[in-house]
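Quick notes on the structure that follows.
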Amino acid sequence: MEKMSKKLINLPENCVDEMLDGLVRAHPGLCLHADNRVVLTKQWADSKNRVALLSGGGSGHEPFAGGFVGTGMLSAAVAGSVFASPPPRNILHAIRCVAQGNEAGTLVFIPNYTGDCLNFGLAVEWAKSEGLKVESIVLGEDCALLWQDRSVGRRGMCGMVFIFKIAGAMAEKGKSLTDIAQTVRMVMKVLATYGVSLSACSLPGSGPLFKIGPDEMELGLGVHGEAGIKRVKMCTAAETVKIILEAITGTLKLKSEDEIVVFVNNLGGTSQLEQWLITGEVHKQFTALGIAVLRIYAACIMTSLDMAGVQVSTLKVSRVHKEDWLNYLDAETKACAWFGSPMSIPPANPVKDIPHPEGVPVEFELKGPAISEAGCKILRRCLKAVASSFISNESQLNALDSACGDGDTGTTLRRMADGILLQLGILVMSRPSTLLKQLSSIAETAMGGTSGALYSLMLTMAGMALEVEVEAVTARTWATALMAGTNGTLHYSQAKLGDRSMFDALLPACMKFDCYKLLTIEDGLIGLEAAVVAAEEGCQKTRYMKARVGRAAYVDTTHVTDVDAGAYAVTVWLKAILKMLSEENCIFYGVLSFLIIEYFWELYVSIRQHKVYQQAVKVPEELRDIINEETYNKARVYGLDSSSFSIVKELFNIAITVGFILLKGFVYFWNFAGVIVSASGYDTNNEILRSAALMLTMNIFNTLVGLPFSVYRTFVLEQKHGFNKETIGFFIKDRLKLFLITQIITLPLISAAVYIVKIGGDYFFVYLWLFTMVVTFIFLTIYPNCIAPLFDKYTPLPDGELRTHIEELAASIDFPLYKLYVVEGSKRSTHSNAYFYGFFKNKRIVLFDTLLKDYVPENDTKSDTKDVANSEKKGCDNAEVLAVLAHELGHWKLNHVLKNIVIMQMNLFLIFLVFGMLFQYEAMYLAFGFQHEKPVLVGLLVLLQFIFSPYNAVLNFLMTILSRRFEFQADAFAKKLGRSIFLRQALIKLNKDNLGFPVYDWVYSMWHHSHPPLLERLKALDKTD
């Protein structure tokens, strides 16, 4: 149920009569026939030789029509109830009053609404039947509904007042009824009105006539609340005027050099500020079109009660009628509501605008100590942070101020923020004293009012305090300046602590900050944190204070229940500065801290396992039936060597990573990428090319840095323990091939990803995720056929017993086996493995030749076969291979692969979602050395490699736990297929062949092993179903 609107009335049924009574009491030159609701001019009796003009309509449109009764306009007006046409008898009474004894005749103007046309038409006919000389013209100039097929014609709007004024002036000059009627009809053809409404109107004693959303406005609405042509989202005054003028210029076919007269009608609920702003906008836009605005008027002409909105009515003036029509508009009238005045008429001999008095310009001399370029950048970011905080807190500050002020604290500070951002490029950052004075000037001009004066004074006096400093600018210097500015402002404002003002937050903050004898930025942050706490405490205290200064001092204290807006504003800008100064350091040191913590955790875990390798020299009792002492010792020594190698490698990696961060490595690589792009003849601002160059250079760097460790692992560590089969030539060719293929694949993908971010808008992260998902599936599809064969030879498993059994196994569990391959991994290493891949019905199984005990490649030479015969034959027999495959196929049957893919895609979406929120976050780039640029690729690398490090560590651990669970489930699946014994044998053989040490520290195993240790898997297999 709609709430009743607030109206200052007595009884709704009496409001029209009491309104008319008030009108004539305020204007004794009018008289009222109250019983008929007719307003007349008392001078009419002396004007019987001139044409009488009469109009009227429903009430609620004041000052229309009674306000336009007077010499030079209407002779009489008749009012109906609110939004209701007056009855014919009342209209007839009005006609009789002005027509009886008037030989010149009476012209009745009828607003084009059905009720008015019927009632006025009936009254006119009655008058004619009485022998009165009466003519009527239906008036309508609305242009909003011209496109609709309407028999009723154009609605009568505020443009009717043009008719009243021109016809009234003609009547005063003694023009005939015929001449006046003819001119009115000509005027009607070149008159157009179009309006926009922001709110509904409400009748006395009722709620709003209709609903309109808070972010909507209605175009072409009628003055009685009739629907317009459409509703649109709220827009600016300029945009709204553009919509209105497009309709009017199209209707009147206005073109450059045409001349017009304009009414801007306030529909009743629009503020004067908006009314005159719209008026100026109308004039500017018409002028910009080359159309001459001869006169422009603005007022409440024909309202719709309390409706917020405006109408623009435009009269196109031809050169033929220009002089006459302008004279009629400029002619004197005694109608009380006519809004024209001598000031509306351009002077015959235009004079120059009064010049501004000469003043002494405010010069900002470079005074006080200077600061470094780094300090300038910090100051600039502080100002941007403060401006952003004012903008984001505008509504909150206005709400706080509305309880005891004029609700504009947020808007005032928003203007300050806009001024800062507008002039950010010309502010003198290198001289803090000069900068504070420039900010003082911005506060004075942009903010205005008491707030502007307070901030301007505080900044001026703070700047003056810095002028006398001879030492470098430190936190202590800033504390001194802030205290000086605060004390000086207190002196002139006469405010005191406890008066409920901005000083209740500012003064405690200054005092706390001044208590710290600060010399460094780190200590400065500590002091600033204390100052922010003090400001917040002071702000909260204002909640219980009685206001003794400002407008709040005159407000009933029962309405003041929240904190002071000015005090809250102090906490806003203090916290913005603190956050800006802290967040860059938080990110930088946070990343470094976690990397170091993670390294020491990894080192701790590795040392635990390293000690196991050193101390577990004897085969544990439970393993003696599984592994002999010689194999056990080989595995232990291999594990010990691998552990030592990993510890050294991780130390080197953390040193490189920390050095990269400390030395701002991303900046150097980004700059070098720019050099590459420029040397190639392209613009360095081409971020896509530059990102590809960055990726290439970083890949080269990472490859070169990791190459010594790769060489050592392959030709020292792996070769020492009998695993390596690569030659130097094969190794080099393999690594070059890997590097080139990696670049061919990744560089276009990186370029495409940057392009998606650039053009994707607010939801680019969704498109990036979809792109990555598609690329991943394509890659997984083409990898086996196009990429993997470039590194290893894949041969179909020959027909025979093993192939037959594998096909039978696949068929028994409905695995859609498509192809069966053996990869000759023995040319690279003796490590063994087996896996399956492929989507949908295109499934393939791949077996390493090192897994197959009895497999000999068909094209092996005799010498190769002899080498194999002379060496200890490793691998599994056919039954064991089938058990291993049963385990692998268990992953498929139990949907482990699908689950991993879903988790991977969910993780990718989360990463891209966070990237979407952070990639424009300036502090993230500042932490890694970027002062002015925000490269997309750098942001993504920073997020993935560093910001997400804690998340990745936790996720990897959880995935390790999940993977171990999947392995147990796959073993159980193989057991259900009756392959438990052979799987047990295979696991033991594979562990021996790969020198897997069977004893592990539990922490190391849980953190690193995605597959459970051998003993745990064997125990699980031994359990009964």
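Backbone N, Cα and C atoms are what each Cβ position is placed from, and that goes for glycine too.
Since this is a predicted model, take the numbers as computed values, not measurements.
Feature annotation (TrEMBL): of 284-307, 500-523, 692-715, the stretch labelled transmembrane segment is 692-715.
Here TrEMBL has H887, H891 binding Zn(2+), and the candidate from E808, E824, E967 in that same listed site is E967. Residues 381, 580, 583-585, 587-588, 591, 661, 664, 666-667, 670, 757, 762-766, 768-769, 772-773, 936, 938-940, 942-944, 947-948 of the same chain lie 6+ residues outside the transmembrane segment (908-930) yet bring a C-beta within less than 8 angstroms of a C-beta in it. The list of residues near the transmembrane segment (936-958) in space but at least 6 beyond its ends in sequence, with Cβ under 8 angstroms from a Cβ of it, reads 587, 591, 594-595, 598, 661, 666, 670, 687, 691, 694-695, 750, 753-754, 757-758, 907, 911, 914-915, 918-919, 924-925, 928, 930, 1007. Ranked by how many other Cβ atoms sit within 10 Å of their Cβ, the binding-site residues H887, H891 place H891 at the bottom. Here D971 (active site, proton donor) is positioned 9 angstrom away from H891 (Zn(2+) binding site), judged by their C-alpha atoms. Same-chain residues that are not part of H887, H891, E967 yet have a Cβ within 8 Å of the Cβ center of the Zn(2+) site turn out to be E888, G890, H896, F966, Q969, A970, D971, F973, A974. When secondary structure is read from DSSP and collapsed to three states, D971 (active site, proton donor) falls in the helix class. All protein chains shown were included, and the count of other CB atoms within 10 Å of the CB of D971 (active site, proton donor) stands at 24. Cα of E888 (active site) to Cα of D971 (active site, proton donor): a span of 9 Å. The Cβ of E967 (Zn(2+) binding site) lies under 8 Å from the Cβ of S1010, H1011, P1012, R1017, each of which sits 6+ residues away along the same chain.
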